[in-house]
């Protein structure tokens with residue numbers, strides 16, 4: 001469990017430093033340059049991700065609650081929405097006109113979806129931690145950065161994004177199956 005927590009810290013801290021400790025980041029840039037700073041931050045985040053995966057996969061199962069049977073249906077619907085939101089953050093989408101942080105909102109939706117179907121301590125730490133990180137990041141961005149205006153986007157861009165989201169969701173489901181986690185009702 002310690003590796004999981006350490007991984008979450010190594011993931012979270014570098015993501016929040018830009019907004020919550022801009023002076024510390026500026027000091028790194030002064031010493032390492034912009035490229036060196038981005039490289040170091042990327043390395044720390046990557047190490048955090050590796051530790052999250054190892055820590056989660058090796059964590060003992062400690063049951064906290066029993067997920068309801070209906071939750072798997074809600075999970076899959078929320079996951080499709082989360083995948084769409086991730087895509088909307090990087091592609092032309094009308095979602096950006098009414099949702100400022102689609103990727104981070106997608107992380108919150110992803111976290112809630114997984115907390116609905118995983119009732120163990122490691123899942124609570126991972127998905128609860130990532131969800132809290134995303135909320136903190138949304139609040140930090142909203143407090144420190146002006147909202148960029150969203151330009152006009154054709155409806156077909158969102159239709160295309162929805163189709164891609166369904167395909168990506170299917171790939172994610174296949175990967176979960178390959179890892180031994182059947183993501184659909186039995």
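The backbone N, Cα and C atoms fix where each Cβ goes, glycine too.
Automatic prediction, not curation, is the source of TrEMBL annotations.
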Per TrEMBL, the transmembrane segment among 11-29, 68-86 spans residues 68-86
Over the domain 'NnrU' (3-182), work out the mean pLDDT and round it to an integer. 92
Per the Cβ under 8 Å criterion, with at least 6 residues separating them from its ends, the transmembrane segment (68-86) contacts 95, 99, 102-103, 105-107, 109-110, 112-114, 116-117, 161-162, 165-166, 168-169, 172, 183-185
